[in-house]
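K.L.:
Can you read through this structure? Questions will come right after.
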Amino acid sequence: MAATRTTALLRAAASSGCRLLSASRGVRGGWAAAASLGPSRLFHASARAPLSSEDKVTVHFINRDGDKLTAQGKVGDSLLDVVIDNNLDIDGFGACEGTLACSTCHLIFEDNIFKNLDAITDEEMDMLDLAYGLTDRSRLGCQICLKKSMNNMTVRVPDAVADARQSMDMSNNSLK
Amino acid sequence: MSRAGGILRWRRASALRSSLPSGALAGERPPSGAVLFSGNKRLLSTAKTEPRICIVGSGPAGFYTAQHLLKHHKLAQVDIYEKLPVPFGLVRFGVAPDHPEVKNVINTFTQTAHSDRCSFYGNVTVGKDVTVEELQKAYHAVVLSYGADDNRTLGIPGEDLDGVYTARAFVGWYNGLPENRDLKPDLSSETAVVLGHGNVALDVARILLSPLEILQKTDITEDALTALARSKVKRVCLIGRRGPLQVAFTIKELREMINLPSARPFLDPADFKDLGEAVKDLPRPRKRLTELMAKTALEEPGEVVSGRWLSASKEWSLKFLCSPLEVLPTADGKQARAIRLAATRLEGSGDAAKAVPTGDTEDVMSGLILSSIGYRSLPIDPAVPFDPKRGVIPNQSGRVLGAPGLYCSGWVKRGPTGVIMTTMNDSFDTAQSVLEDLQSGALDFPDAKEGFGSVRSILQSRRIRPVSFSDWEKIDAAEVARGKLAGKPREKIVDPKEMLELIGP
């Protein structure tokens, strides 16, 4: 499901964009209490400064159907933030909205990037362990924050089911 | 209003309802004969070109199936039927009150429901208020996503004594499921026994052991809070037929139990001391889970944790290799007094290991026994094939065998296990099957179908008042408002009559 701008606002309200532990949350704008109350109806218009070139990080996502999606984020944004803010078309991504309660933001990294990621916490590993198609270069996107050194990295969205058939997009043949 | 190339971008209604395309209020359809623009081409839409799909059940399976269909077919109209007046199934009634993050999926489901090609019809019991055959006449495809309303039974004497409850009913009770609101579980026993080693068993144990101050801030029902405040339960013993390597619960939930404030874990070192070799070659998830149990059983905790455990007023334990034989009654024959267990040993290993009785037995004294051995689906309608042994609708990739036009997703398709994400993937899989069949001509498509148009009169003649999504939002708002007064995210309404009164005729 592609995300919308409103989802981006919800995400801004619910996360700091980086390294969330469900137990302790650093939250933009002090919405910590609300963030732990589950399906919150908060719309926090986070005022984001326009991206300067120093801040920007380009990330390429290889989607399940092989399509390459390229997007930009800011240093410190999580990969979940990048997917949501750019409305990337990845089915079912980020179901729990970055609260370490699912593994739908599972991503596979290149070797050299993976080696330099911040250490995984028990909480992340607990959820990652449940991900389908786990590899030794897997992490949860909601816990990985952009660094300058990640500029132009490529991450792969793993298949979600054993016999993943290509998503059939009917929009080109639709008017039958 | 312009819609380019048949691409309808469904918008989520924000709190300000500011971003909806004019004329397309959530839940309404474009008038028939509406014009669709495709670049420079003008095409008249007629009922012929819109696939109409019906989904039975509004839990994760129903909503994820709907989501995928709406996304990948730009003309599909999807109607979601639900027997309760309120949507979301187990997300609302199954996920524990102290796990609110897991319920975040409600946001994406709400977004789907707000699509102008999606309608919600609550308070409609398929199989009773409208038959599957009637739905098949009205829709090109009917997807059964109604989950598992029942549970596996122990099949032992004493199962029906007072004080014995299914975990399904207990969870339904504290989560406000209307059919369980009068459960009135007796929590006066100091020892509670939970049969089963899955996440539901841990949920039930955790709710029995959690400090009231924590539960008071959740959406647990007021009735449950009142009962738990009077609860005498001090220890919960979780009993499983097989061994530590076969536990079905997952590590996050186990860690949560170990870290419970004011409850001390008791894991028997004898159950773990010989596991070293077996653990080495396990896949990482099973290995970490087993190591966490072993560590808790075998190692002295640090100072802080030690202190917490010493001052804990409650405790929980894991008991392995015991199979329930009989619930023993009190002298008057009415209540549970103890449970008699058969000691077992394992034949085989890993997931396939089977528990075989050794001949020894053991009694555990308890007046509160919760059976958490699995949910089970029920057949919904004679027109739908059902496998009573496996408790699922026979299917392949979600296509119901021997019943063209019928599909299934979620627990009724593959059995009652797995988390929301598992159901999400399987719902996408079923939706793919529907999409393929729409394209291949396997369905009566593109012949016209009336969808809810023809169901409406059937429901009217049977005096059924369907509940719309905006009706649900009124109920939702009322629950949130009541919850605010109590410092909770919501106070669930548990009486369907009250829900219907709230929304009016």
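Including glycine, each Cβ sits where the backbone N, Cα and C put it.
Pulled these features from TrEMBL for this protein:
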- B:52-208: domain 'FAD/NAD(P)-binding' (DOMAIN)
- B:Ala61, B:Glu82, B:Leu90, B:Val126, B:Trp411, B:Gly418, B:Val419, B:Ile420: FAD binding site (BINDING)
- B:His197, B:Gly198, B:Asn199, B:Val200, B:Arg241, B:Arg242, B:Glu253, B:Gly418: NADP(+) binding site (BINDING)
K.L.:
Filter the binding-site residues B:Val126, B:Gly198, B:Arg242, B:Val419, B:Ile420: retain a residue only if its CB is under 8 A from a CB of chain A. Output in sequence order; output 'none' if empty.
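P.N.:
Checking chain A against the binding-site residues, the residues within range (Cβ-Cβ under 8 Å) are B:Val419, B:Ile420.
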K.L.:
In whole Å, how far is B:Arg241 (NADP(+) binding site) from B:Ala61 (FAD binding site) when you measure between their Cα atoms?
P.N.:
30
K.L.:
If you measure every Cα to Cα distance among B:Ala61, B:Glu82, B:Leu90, B:Val126, B:Trp411, B:Gly418, B:Val419, B:Ile420, the residues said to bind FAD, what is the biggest one in Å?
P.N.:
25
K.L.:
When the Cα of B:Arg241 (NADP(+) binding site) is compared with the Cα of each of the binding-site residues B:Leu90, B:Val126, B:Trp411, B:Gly418, B:Val419, which one is closest?
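P.N.:
The smallest Cα gap between B:Arg241 (NADP(+) binding site) and any of the binding-site residues is with B:Gly418.
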K.L.:
Run through the Cβ atoms and count how many others sit within 10 Å of the one on B:Val419 (FAD binding site).
P.N.:
17
K.L.:
What is the separation, in Å, between the Cα atoms of B:Val200 (NADP(+) binding site) and B:Leu90 (FAD binding site)?
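P.N.:
Here the two Cα atoms lie 12 Å apart.
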K.L.:
Please name the residue among the binding-site residues B:Ala61, B:Leu90, B:Val126 whose C-beta has the most neighbouring C-beta atoms within 10 angstroms.
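P.N.:
When each Cβ's neighbours within 10 Å are tallied, B:Ala61 leads.
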K.L.:
Could you tell me which of these binding-site residues, B:His197, B:Arg241, B:Arg242, has the fewest other Cβ atoms within 10 Å of its Cβ?
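P.N.:
Counting other Cβ atoms within 10 Å of each of the binding-site residues B:His197, B:Arg241, B:Arg242, the minimum falls on B:Arg242.
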K.L.:
Could you state the whole-number distance in Å separating the C-alpha atoms of B:Glu82 (FAD binding site) and B:Arg242 (NADP(+) binding site)?
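P.N.:
Counting only the Cα atoms, the answer is 37 Å.
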K.L.:
For the binding-site residues B:Glu82, B:Glu253, work out the Cβ neighbour count at 10 Å and name the residue with the minimum.
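P.N.:
Each of the binding-site residues B:Glu82, B:Glu253 was scored; lowest Cβ tally within 10 Å is B:Glu253.
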K.L.:
Considering Cα atoms only, can you say which of B:Leu90, B:Val126, B:Val419, B:Ile420 is the nearest neighbour of B:Gly198 (NADP(+) binding site) among these binding-site residues?
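P.N.:
Its closest listed neighbour, by Cα, is B:Val419.
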K.L.:
Take the C-alpha atoms of B:His197 (NADP(+) binding site) and B:Gly418 (FAD binding site) and report the distance between them in angstrom, rounded.
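P.N.:
About 14 Å separates the two Cα atoms.
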K.L.:
Mean pLDDT across the domain 'FAD/NAD(P)-binding' (B:52-208), rounded to an integer, is what?
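P.N.:
Reported value for the domain 'FAD/NAD(P)-binding' (B:52-208) is a mean pLDDT of 98.
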K.L.:
What is the nearest of the binding-site residues B:Asn199, B:Arg242, B:Glu253 to B:Val419 (FAD binding site), using the Cα of each?
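P.N.:
Result for B:Val419 (FAD binding site): the nearest of the binding-site residues is B:Asn199.
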K.L.:
By CA distance, which of the binding-site residues (B:Asn199, B:Arg242, B:Glu253) lies nearest to B:Val126 (FAD binding site)?
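P.N.:
Among B:Asn199, B:Arg242, B:Glu253, B:Asn199.
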K.L.:
Just jot down the residues in the same chain as B:Ile420 (FAD binding site), at least 6 apart in sequence, with C-beta under 8 A of its C-beta; none if empty.
P.N.:
B:Pro60, B:Val91, B:Val102, B:Val105
